[in-house]
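> One structure is given below, represented as C-alpha cells, and several questions about it will come after.
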Amino acid sequence: MIEENVSLPRIHYLNSHYGWKSWLFTTDHKRIGLLYMVSITLMFFLGGFFALLIRLELLTPQADMFTADTYNKFFTLHGVILIFFFLVPSIPATLGNFLIPLMIGAKDVAFPRLNLLSWYIFVIGSLFTLWVVAVGGIDTGWTFYTPYSTTFANTHVIAATLGVFFTGFSSILTGLNFIVTIHKMRAPGLTWFRLPLFIWSLYATSIIQVLATPVLGITMVLIAAERFAKVGIFDPALGGDPVLFQHMFWFYSHPAVYIMILPSLGVVSELISAFTWKRVFGYKFVAVSSLMIAIFSFIVWGHHMYVSSMSIYAGMLFSILSYLVAVPSAVKVFNWTATLYKGSVSYDTPMLYALGFIGLFTIGGLTGLFLASMGLDRHLHDTYFVIAHFHLIMVGGAVMGYFGGLHYWWPKMFGRMYPEWWGRLSALIVFVGFNLSFFPQFIIGYLGMPRRYHVYAPEFQVLNVMSTAGSSILGVGYLLPLVYFIWSLRYGKVASNPWRAKGLEWETTSPPPPENFLEQPIVTEEAYNYPTRPAQPGKQTGKLTGGLNPPASPTATATGTGREAEVV
Amino acid sequence: MGQATQQPATHHANGHSHAHPTISPATYLLVLVALVIGTVVTVWTASMDLGAFNTPVALAIAIGKAALIILYFMHIRYSTWLTRTVVIGSFFFLIVLFGLTFADYFTREKTHEIPSLYSPDPILKQQ
C-alpha cells in the first residue's frame, strides 16, 4: 500500500448524521447513491439466483427440476429483475449519483429532493416485482411480447408491467437530474472538453433515459389497457397489430442496452487512464463517440424484428443503420488500446476488470454485427447465439464495468481499501467463469439450440454442462466482492487515493465531507493531465507489478491525493 | 397572439437572472380557441375518406395542436435556446420513432410481392 499515515477525516458524509431517518430522508447525493447500491445489490443476487436455477435445469436434456411453466417464470423473472432493477440503474444510479457532483466540483445534484424521490419510486417498482415473485411470477419473458402478454398469459402481467412502469419514472428523473446538473453546476473552469469521460458517458446515457423511457412507460400502460379493456392496439382481432408492440418496445429496449453499456464505457475510460497514468488517447473523439452511440442507439431497434413479419425493406434499412453503431464503439476500443500503448500499466483489480471488459465488449460487439445482418439473423434468431451475444454486452460489459468502477471508487466512498489480492482473484474468477458460461452458448446457438426451452436435444448436453459449470464459477466470483467489501468497511486499510489518480473527486477527503468540498474547486487543466510517472528502480512498466501502484515519489505527502508529488 | 410582458428579472443567489414572462389571458384564450377549432377539424376529417392522406392529415393537425400547447402553455416560446433545443431534440426522436415505424408499415405490402419469400413453395415458384 502506498499511502502511509492516512487517517479518516473527522467529519464525513457517513458520520455527519446518525439514525435511520438520516438515511431515509437524506438529500445527499452520496447517501442516495449508497441507498441505490444496497437496493440493486439485493436485486442482483435475486436475479442471479434465478439464473443459477435456469442453468441447473439445463444440466440435463430432460426436465428434471421444473415444469415448463416454472421454467418460463424463472427466466422471465431473471430477465425482468436483472434488466430493469439492476442493469439499468446500476452505474448511473449508484456510481453516477455518488460521483457526478464530486467529479464536476458541485455540492450536490441540481434537484436533491427529486433525487431521493427517484429512489423511492425505484423501491416501489421493485416491491411490485418482488410481490409478483412472491405470488407466483410471470411467464411472458422480459420482453412482454403481445399477443401472449395481452391475451393468453395467466400470470401477473399487469403487476409486473406496473413495476417496470414505476422504475421507468425513476430512470427518467435520474437522467433529467444529471442533465441539468452537468449543464448548470460545473466548477469554474470545467469546460465541456475538460470533463471526465465518465461524465460524458453519463450525459449521453441521461439523454437516452429521458427520451426513450417514456415510450416504454406508454407501452406498458397499453399492455395493461389491452388486457383490461380490450382496446385493440395490439390485438389483430380487434384491429390492432402485435408488430406495433415490438416497434414501441424496442424503441426503448434497444437504447436501454446503451443505458447499461455507456456508463460502463465511461468507467473503463477512467480506469484505463488511471492505471496507465496517461491521458486517454483521442479524448475528444472518445467523448463525442458517447453522444454518437446515444443517437445511433435510437435508429437500430428493427434489428430485433427481422423475423417478426416486419417489411423486408424496413429490415434492410435497420440492417444498414445497425452497422453504424460499430463506428463509435470501435473508436472507444481503439483509443483505449492506443492509450495502453507505452503506458505505465499497473494491473490492480479495477484494471483487471477494465481489461476483461475490453475483451468481452469487443467479442460481444462483433457478434452483434452477425445478428444485425438479416441473412445470418434468420439462422441465429432466438437461439443461444443471441443469449451469448447480449450476455457478453450486458454482463461482460455492463457488470464488468460496474465492478471495475466499484473497486476503483470504493476507497473514495468509504475511505478504506478492500483486500487487493482477493480483488484480483475475484476479477480473474469472474473472467474465467464468464467465458466458460457463455462461449459454449455461441456454439450451441449456432448449432441450432433455441432459447427459452428447458428440454433440448442430447447432443447439446456437453456444452450445456460447461456453461452451467461456468455460471457456478461466475457466481463465486460475484459473491467474493460482497464478502470482502463488507469486511473492508470495518477492517480495510484506511486509504484516501491509493491509485494517485487525477480528477476532482480525488481532490477532496475520502470519504468526502457532507458538501463534498470545503472550498469551491477551480479547474485550470484538462482531464487526465498525468505527469510522467516517476521511474522506479528495478521495475519495468507494462509488467505485473505485484503491488498496488508504484510508490509515491519522495516529495509526496501522506495527506491523500499525492498531487504534491506530481508537481515535478 | 404572442403578447407577453417581461417582468423584472429575478436575481438568484448564484448571480444568474431569469426573466419570467407573463402571458396575457387574451393569448391563452386565443390558443384555446385555436385548439378547439383544431379538435373540430380532427373530428371532421376523421369522418371523411381522404384515401392515402388520412394519416398525414390527422398527424398534421395533431402536430399543429401540440405545437400550440408546447409554445404557449408550456412557455417554450419564451424560454432559453437550451430549453428550445431540448424540445426540438425530443421532437426529432419522436419523428425517428414514427418515421422508421412507418418505413415498415408503408413497405409491408411490397414485401408480400416478393415470390421467393412468401409463396408456398419458393423453389418451385422460381423455376
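Quick reminder: no glycine exception, Cβ is built from N, Cα and C everywhere.
Those TrEMBL annotations? Automatic predictions, nothing curated.
Annotations for this protein, taken from TrEMBL, read as follows:
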DOMAIN    A:14-524  domain 'Cytochrome oxidase subunit I profile'
REGION    A:530-568  region 'Disordered'
TRANSMEM  A:34-54  transmembrane segment
TRANSMEM  A:74-104  transmembrane segment
TRANSMEM  A:116-138  transmembrane segment
TRANSMEM  A:158-180  transmembrane segment
TRANSMEM  A:192-212  transmembrane segment
TRANSMEM  A:249-268  transmembrane segment
TRANSMEM  A:280-300  transmembrane segment
TRANSMEM  A:312-331  transmembrane segment
TRANSMEM  A:352-372  transmembrane segment
TRANSMEM  A:384-404  transmembrane segment
TRANSMEM  A:425-449  transmembrane segment
TRANSMEM  A:469-487  transmembrane segment
> Mind checking which residues of the chain, 6+ beyond the ends of the transmembrane segment (A:34-54), have their Cβ under 8 Å from one of its Cβ atoms?
23, 26, 65-66, 71, 74-75, 77-78, 81-82, 85-86, 89-90, 93-94, 97-98, 119, 122-123, 126, 130, 133, 413, 471-472, 475, 478, 482
> Rank A:158-180, A:352-372, A:425-449 by Cβ pairs under 8 Å to the transmembrane segment (A:74-104) and hand me the top one.
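Of the candidates A:158-180, A:352-372, A:425-449, A:158-180 scores highest.
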> Between the stretches A:192-212, A:249-268, A:425-449, which wins on the count of C-beta pairs under 8 angstroms to the transmembrane segment (A:384-404)?
A:425-449
> Can you check how the pLDDT averages out over the domain 'Cytochrome oxidase subunit I profile' (A:14-524)?
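Per the prediction, mean pLDDT sits at 95 for the domain 'Cytochrome oxidase subunit I profile' (A:14-524).
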